[in-house]
Amino acid sequence: MSAISTPRTSPVSAPRTYRVKSFGCQMNVYDGQRMEELLAHQGIAPAPEGEQADLVVLNTCHIREKAAEKVYSDIGRIIKDARREDGTQPLIAVAGCVAQAEGEEIMARAPAVTMVVGPQAYHRLPEMIARAVDGERVTDTDMPADAKFAALPKRRSVGPTAFLTVQEGCDKFCTYCVVPYTRGAEISRPYADLIAEAHRLVEAGAREITLLGQNVNAWDGENGKGQKVGLDGLIRDLAAIDGLARIRYTTSHPNDMTDGLIAAHGEVEKLMPFLHLPVQSGSNAILKAMNRSHTAESYLRLLERVREMRPDIALSGDFIVGFPGESEEHFAETIALIDAVGYAQAFSFKYSPRPGTPAATMDDQITGEVMDDRLQRLQAALNRDQHAFNQASLGRSCDVLIERKGKLPGQWLGKSPWLQSVHFQGDYGVGDILRAELVQAGPNSLTGRVIA
Ligand code: 5AD
Ligand code: SF4
């Protein structure tokens with residue numbers, strides 16, 4: 001930990017309330033929850049709705065420029081909102097990937113920030129807070145492999161769906177991506193720790209667990225019998241936990257889709273029929289420039305094999321439009337790939353040059369107007385397919401896991417096995433799993449009729 005000792009203008013006392021604001025990916029949501037648990041463990045309470053917290057943690061995302069710039073506008077807003085009668089300000093901690101990548105810049109640009117903590121160091125927040133209260137500005141962007149999880153308090157209370165980080169970091173070095181720099185090298189958490197944490201999540205109320213990793217399907221470890229296993233082995237053993245009804249995993253890389261994992265989709269009942277497998281582009285020339293090390297054809301073959309194992313699987317992906325050098329022909333190949341797959345849902349982004357990545361200095365950067373136009377056409381194709389997928393689900397019966405109350409009286413919101421939002425009426429509770437027929441499809445959700 002490095003400490004920059006600059007006295008602040010306004011004195012602070014030990015924080016009694018906190019607010020954690022997470023941006024970006026599901027890993028950040030998980031990290032944000034773990035930070036909340038850590039702070040609660042220190043006797044700091046969540047700030048009541050509408051009240052200013054004594055400690056604000058901004059858990060940031062660095063994946064695209066817009067996400068990173070948001071940090072500075074957020075800091076400005078917190079300071080404006082937080083000016084109190086006694087002249088004190090909340091302690092502001094910047095966490096997450098912007099903290100990792102731009103820690104020094106944040107400290108220089110935003111004097112109100114008292115702590116900068118990277119994604120592998122947030123277990124040391126309590127110590128940092130103590131130093132911040134003493135008047136220091138503290139930066140910790142060390143990357144101790146796996147120390148964090150052991151140092152965090154045990155998880156006690158969770159909702160019906162919980163995240164479990166099994167793997168972090170990335171060794172793939174796609175030429176547009178900051179993750180290998182902000183999250184570091186691929187590490188897998190040990191098998192025994194994960195089985196134990198999953199048991200605790202189920203005891204604390206989880207019925208569904210989503211296994212998280214930047215390259216989750218690169219997870220490997222040694223099981224209780226001393227055998228080397230991949231993610232499929234972990235999934236099979238997690239499926240044996242009583243009370244756990246559903247398993248999902250995200251995000252995967254096509255090159256780490258092993259035969260075993262594909263087979264698990266046909267064999268493990270608790271593994272939900274959903275696969276998020278980013279492809280980014282349908283053009284082999286662009287995929288090569290992206291250093292994706294797969295082709296459009298190898299990706300499509302992979303999906304065919306998954307579909308053979310699990311014909312009803314819902315497919316999801318990530319797309320980038322306007323990567324440097326992307327021509328109209330390259331883009332047409334992406335649209336052709338989308339047409340061939342028929343995604344149930346997908347995420348799409350305009351290419352954003354990230355400092356320090358190889359693509360940021362490539363020739364032939366694409367203009368904003370061209371990107372806007374391509375993104376619009378790409379999203380039209382994806383929306384069409386999402387709509388078709390939802391329409392094709394009508395008349396199907398499936399289990400729906402209730403996640404929360406809906407906006408209307410007596411309304412509940414849950415998820416189908418294919419990760420569709422389903423709402424319905426009745427006298428139920430969060431965590432219930434109901435058998436329902438899907439009877440109506442809107443643009444973003446379906447209506448279910450409970451049949452058992
Ligand atoms: N510009 C635009 N999109 C990006 N992604 C990652 N890096 C960039 C970037 N520089 C997208 C990819 C990835 C998802 C998480 O974010 O599609 O799969
Ligand atoms: Fe980024 Fe590529 Fe790694 Fe995904 S696989 S985190 S896009 S470098």
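From the backbone N, Cα and C atoms, a Cβ is placed for every residue, glycine too.
The [4Fe-4S] cluster 1 binding site feature in TrEMBL is assigned to Cys25, Cys61, Cys97. In the three-state DSSP classification, Cys25 ([4Fe-4S] cluster 1 binding site) falls within coil.
Cβ contacts within 10 Å of Cys177 ([4Fe-4S] cluster 2 binding site), excluding its own Cβ and spanning all protein chains shown: 21. Secondary structure at Cys177 ([4Fe-4S] cluster 2 binding site), taken from DSSP and collapsed to helix, strand or coil, is coil. Among the features that TrEMBL reports, [4Fe-4S] cluster 2 binding site is placed at Cys170, Cys174, Cys177.
Residues or ranges marked as domain 'MTTase N-terminal' in TrEMBL: 16-134.
The domain 'Radical SAM core' annotation in TrEMBL covers 156-388.
The annotation domain 'TRAM' is assigned in TrEMBL to 391-452. Here the domain 'TRAM' (391-452) has, by DSSP, the following mix of helix, strand and coil residues: 3 helix, 34 strand, 25 coil.
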Next on the checklist: Looking only at the domain 'MTTase N-terminal' (16-134), how are its residues distributed among DSSP helix, strand and coil?
Outcome noted: 60 helix, 24 strand, 35 coil
Checklist outcome for this item: Whole-Å Cα distance, Cys177 ([4Fe-4S] cluster 2 binding site) to Cys61 ([4Fe-4S] cluster 1 binding site), is 12
Checklist entry - Got a sec? Which of Cys61, Cys97, Cys170, Cys174, the binding-site residues, have CB under 6 Å of any ligand 1 atom? => result none
Checklist entry - Which state, by DSSP, holds Cys170 ([4Fe-4S] cluster 2 binding site): helix, strand or coil? => result coil
Next on the checklist: What whole-number Å value do you get for the CA-CA distance of Cys174 ([4Fe-4S] cluster 2 binding site) and Cys97 ([4Fe-4S] cluster 1 binding site)?
Outcome noted: 17
Checklist outcome for this item: Candidates Cys25, Cys61, Cys97 (binding-site residues) with CB under 6 Å from ligand 2, in sequence order, are none
